[in-house]
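J.: Pasting a structure below so you can have a look.
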Amino acid sequence: MTLPTPIIMADDKDVLRDVWFGRIPTCFMLYPDEVTEREAEPFYLLLPRVSYLTLVTDKVKKHFLKVVKAEDVEEMWFEYEGTPLKWHYPIGVLFDLHASNTALPWSVTVHFKDFPERDLLHCPSSSVIEAHFMSSIKEADALKHKGQVINDMQKKDHKQLWMGLQNDKFDQFWAMNRKLMEYPTEEGGFRYIPFRIYQTLSDRPFIQKLFRPVSPEGHVLTLGDLLKEMVPAAIYEPKKYQVVIHGIEPLLETPIQWLSEHLSHPDNFLHICIVPAPND
């Protein structure tokens, strides 16, 4: 099977770079009930798609703490149109899942009270984000290489992956991450593809099952093959759903192995959002 032509034309390193530097213009507003002595001005920020809300919003916190009474300050959390935003999902996934067809800037509400215990995990420090991020990478590598690549790395290599993400350093991150993307040529891909499929219209957090990039007969499997098996409605009712990865709708004929290598988030998972198609 040949790759879709647009992919052959694109330089793969450019794809990785475009994914890494994807940004979402966002307007943060304080929840009206929490405004105090003076009015809280909104705070605008370009959020990196591949990062986590709690990792990149220190400036947001500082901005709003100026107007909130100290005794009212508990843990900061975010919501969009009544839905609490899970900080342990990458920012791009949150946007694609909840807001992909809305006008920009993305309007996010900031809270310092009434933490929604049933909906969100607590995030007291960046070490919690780092632990979550590293456990995702280890889980992905267990699927790809039985964990052999990540386990062969030293602690400083793990730290380099985390610091690359935390400090938004593309080259620092990819110098190490490329090792996690290698596989023996004769195998044609990873052992299994680390993916998660999220659906706006589902109570289930996400779908994650074992899926190989090559069929037993040696055929290259595609995004369409994955969806056919996991969420057939996304294929058979195309007018009803959009399949979104990093804010774009990839061709269903794209090999899933290529997507895994180039459109995975830094946590090494391919995050796929299935959202209702806009009613034009």
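Note: Cβ is positioned from N, Cα and C throughout, glycine not excepted.
Positions annotated as domain 'Autophagy protein ATG5 UblA' by TrEMBL: 19-112. Feature annotation from TrEMBL assigns domain 'Autophagy protein ATG5 alpha-helical bundle region' to 128-182. As annotated by TrEMBL, domain 'Autophagy protein ATG5 UblB' applies to 192-274.
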J.: Using DSSP, how many residues in the domain 'Autophagy protein ATG5 UblA' (19-112) fall into helix, strand and coil?
T.: 28 helix, 26 strand, 40 coil
J.: Is it possible to list how many residues within the domain 'Autophagy protein ATG5 UblB' (192-274) are helical, extended or coil according to DSSP?
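T.: Helix/strand/coil tally for the domain 'Autophagy protein ATG5 UblB' (192-274): 20 helix, 21 strand, 42 coil.
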